[in-house]
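Quick look at what TrEMBL lists:
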type: DOMAIN; residues: 625-717; note: domain 'DYW'
type: REPEAT; residues: 106-136; note: repeat 'PPR'
type: REPEAT; residues: 142-176; note: repeat 'PPR'
type: REPEAT; residues: 309-343; note: repeat 'PPR'
type: REPEAT; residues: 410-444; note: repeat 'PPR'
type: REPEAT; residues: 547-581; note: repeat 'PPR'
């Protein structure tokens, strides 16, 4: 396409006949202008707005053939209109050609081209043009130019250049223009300069809803929740009319704060307004009620939606997931597909985490295959969910394979792998991943060091734990919290430094919870230090008189010491306080069917064969040194009866059934709701040896990998 200034060479005017032709008068009157060039320019503007490239090119040709040299030498107005048209049609190279061939330009010329580069993602080219505009043409930028330049600083992360522009518009008074204010707010917000954004908001009067949305969204994203509430209060005082984006942001703020009262108020205001509640606002409401623990309200909002998209379905699934209703979240998936809604990467992430919550490895495998077939495997959020799912369902090797195959990893990815290894008792592997994370230049966060200190505890690395807690975390600006200190107590306890662990807890100014004290109590049980154990148990029961786990640990300690009077005392205390021991339940999944076992269970259809298999296994391991640990039985009965109690614990029944029904060499994965007892732990180690099987048991504390007569926990759990 020829630029506007290019015209055909002048040709001699032909002599007209005495009777002019009426069929084409325009062609024979080249010196006569059309009635007005406003009409083609208006059409050109319409072509730009509708992105009608073909019509615009025809108008460009018309302008080329019809224009005559103006008195000033060039029709700047027409060329600016053409630049605007080509910019709107994403023909930025043609717009630049027109611009470069203009002998004279005005501010509109520069603004039109800069706008094109900005909207085509070429922010740095905008900044280059701005410098040329000031230095070469000596033009004074107006508010539109600065709005574009500041937006380019925002897109390119050039906050320093943006601050320079801020200074100029302050001196020139252009900061009072709405375009400039919005651009400054957006620039500081996107560059995570919260102080800069708040300074603009607080010093320059008069803002529209776009400015408030920009600020409040960034404050919420960066976890500046108190400042976000201040902006919300200001919006209420100024009676700013909210739009859909505002409601999505404010519901998100309520969700982050878990402030149900504020959520109710915002919901009520929305109902009173004339706002049309779209699917995004409704999904934000579902998310808010879910995060505030009101799953029934979330479901009510969801059920009232006339139109539901993948965002709505994923939001309600996530609400069920966050409240521990894993099965309900998974049951929504087929209903979503019945409505013809295709899942996206976030949907698969929620479903995979729900499978992890149920320890449903078979279902997780199916979802993995479905996500891969749908093309979402490479999405980092799906990769993270797969690592978490395989870690929590006991397949740590597959979790590591997914992790190793991921092209892009974020902090959550590294944390999932570190914590996964740590939870499986593979401390050295977890620390190796942590070192790889540092080499990759990924910055650890609070969660990372929970996994790292837990890994140190599993590997009994006391000096390394001291270094990570007291030096490395401080160097990285991460303040230790209760979880870190609890891991460190576990590290000292595992190393047998019980006095040091107790002194550390009593001297550290931390509000310790029951879990931390019970960590030390469990160590007293393992190391058979009943003096400290009794003292710690009293502390725990003062904090929570109904903590079932503490009563069981005390009973176990008394039973091991053959102090049956102490066992009777604890059981009496439990009755008085109405504390009931949860029955031991174990389950495993075979061919997508979950089989559940209770101690001394005879309800399973194949219970007689299972009992026979248990007897066969116990007979095989006795020559290897297995002696039933009758001290673990919390009943004062004859020793023979105690052996019967031990023989048919739920995990033994589940493992026996797994050996009966799974192929030779396949790993057996069992889940148990309580802590594994000492006798079962010793027996399963030997069963893994005589059967040459990998047996993975996840109890209430951790994963146990039994193989060839040993366990990954090194007999400390």
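Positions of Cβ are set from backbone N, Cα and C atoms, glycine also.
Within the same chain, the repeat 'PPR' (142-176) stays apart from the repeat 'PPR' (309-343): fewer than three Cβ pairs sit under 8 Å, each pair at least 6 residues apart. Through the fold, the repeat 'PPR' (309-343) approaches residues 279-280, 282-284, 286-287, 289-291, 293, 295, 298-299, 302, 350-351, 353-355, 357-358, 363, 374 of its own chain, all at least 6 residues removed from its boundaries and within a Cβ separation under 8 Å. Note on the repeat 'PPR' (547-581): mean pLDDT across this stretch is 83.
Residue counts for the domain 'DYW' (625-717) under DSSP, helix first, then strand, then coil, are 38 helix, 16 strand, 39 coil.
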